[in-house]
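Notes for the one structure printed next.
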C-alpha cells in the first residue's frame, strides 16, 4: 500500500527551514498540504471584550501569506488545500476519504498554548482511532527546546537574563537551517480542489493601506525573505537598529520581521544565519546582536508559555495570589479608541486602530497606562492587541502584557512608565503625536505632551478646546506634571542631563486603585 502524508500548516507558512516538509516528501508517495482558516482563531470572539479574534489587518496579511505559499507549492508540482473549518474536522474527512487506499501519516508543527495544543490532542485522538502515524516537529523558536540547558519546561527560568546568560555560558548552538525538499510529491487523485477565501468572504469589503502606516509590506514567505535581504544587505540597516529600534515613525526604523515570524512565513533561524553571514562579511562579530537579542525575547515568552500553560491567560498571571483589576468599560473604550486625553497614549492607540501596527515602545507604554495607571484588567488590552495587530503572536503578546502589568516575569513588578517623559524622550518634536492627533497639530512642542498644562491663550491660539475637540485627561499622575516642570527647567538652563527612558515611578500594587 502506498504512503500518503497529510501536512497541516499552522504557524509555519513557509518552504524554507521546514522539517515537516522534508519528512513528508522524503518518506511518502503522495502529500496533501492543508491549511485551515479555523473559525475559532479567525471569526470567533475573544474570551474578553467580545472582539473578533483576527481582524482585517492580520487577516489580510494571512490571506496574502496563504496565496504566496500556494503559488510556491504549485511551482513545485503540488498545491495547498485551504478550508474554513477546524483542523480536526478537515483531517478527519481526508482520513475517511483515503484510509482504505493509502497508509496515512499526519504531520504538523507543535505549538505552546492551550487552544493550539488542544488541536494537537484532537489530532492525536483521530490518529489513535484510525491507527495512523503522527509526526510532530518544532521549528518556531530560534533555540530548540531540546537543546536548552534545562531538564524540562518546569525548570525553565522566570527571568530573561537568566536564560540569556545560561545560553551564552553553556555555548548552546542554534540548529542549522533545513533546506526545502529537492522534489515535491503531488497530492493523490480524487482530492477535491479548494479555493483560498478572500477578505470579502469574511465580510471585509475595503481594507486599504493607511497613508501614515509604517507597515507597508505584503504577507508571504517571498515578501518576508525579500524584506530580510533588503534590510540586511541592500539597505545596510543592521548597524542602525540599536539606535532606531525605539522610533515611532518610519518604515525602516525597526525590522518589522515580527509579522512574518508570527505566522511562520519567516524562520527565526533564517534571520539568525543571515545576520551571522552579514557579520562575517562585514568583519564585525556582533553587528546583529540586538536583533538576535529580540529573537531571544521571543523564545523566552514561548518557553514561558510551555512552562506555565493556561496560567498565561489568568487574571493574576503567573502570581499565586488573586489580583483585583477594574473592569470599567467606559475607561477601557477611551483607551482602545485613543481618547484618553494623554497625547502619547492616544497617538499610539489611534495608530493601531487605523493600521494594525504599533511600535514596541508604544506597546509598552499603552499597556503600562491601561494596567498601572488605570488599573484595568490586562486581558482587556491583550485581546485588543490579539484582534488588531498584524504581527500578533499569542506567546509574545500575552507574555508581554503580564510582564508590563507586573504579574509576569518583570523583576520590577510595580514600575510604571511615565507617559510624559516617554513622550518627550521618543517624540521630542511631537511629530508622532501630530500625525495621529491632528487636532493638536498647532500646539507648541512645550505643551504637545501635556495640553492640560497649557495656558488658556496657548490652547486658543492652537485651536484646541479641551473637552470639545480633544479630550480632557482621564487622570493626571503627579509624576507627569513634575516631568513637565523638570523638562522646562532643564530647557531653560540649556542643559538636559537625564537619560532617555529610565524615569519610571513606583507605587504599591495594592494601593493603585
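Glycine residues also receive a Cβ, built from the backbone N, Cα and C atoms like all the rest.
TrEMBL does not curate its annotations; it predicts them automatically.
According to TrEMBL, the features are:
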- 241, 254-258, 294-301, 391-393: FAD binding site (BINDING)
- 3-142: domain 'Photolyase/cryptochrome alpha/beta' (DOMAIN)
- 325: site 'Electron transfer via tryptophanyl radical' (SITE)
- 378: site 'Electron transfer via tryptophanyl radical' (SITE)
- 401: site 'Electron transfer via tryptophanyl radical' (SITE)
C-alpha spacing of residue 378 (site 'Electron transfer via tryptophanyl radical') relative to residue 297 (FAD binding site), in angstrom: 20
Residue 378 (site 'Electron transfer via tryptophanyl radical'): nearby binding-site residues from 241, 256, 294, 300, 392, Cα cut-off 10 Å: none
Same chain, 6+ residues apart, C-beta under 8 Å of the C-beta of residue 392 (FAD binding site), given in sequence order: 58, 262, 385, 386
Candidate with sparsest Cβ neighbourhood (10 Å radius) among 241, 297, 378, 401, the listed recorded positions: 297
Integer Cα-Cα distance in angstrom, residue 300 (FAD binding site) to residue 401 (site 'Electron transfer via tryptophanyl radical'): 14
Residue with minimal Cβ packing [other Cβ atoms within 10 Å] among the recorded positions 300, 325: 325
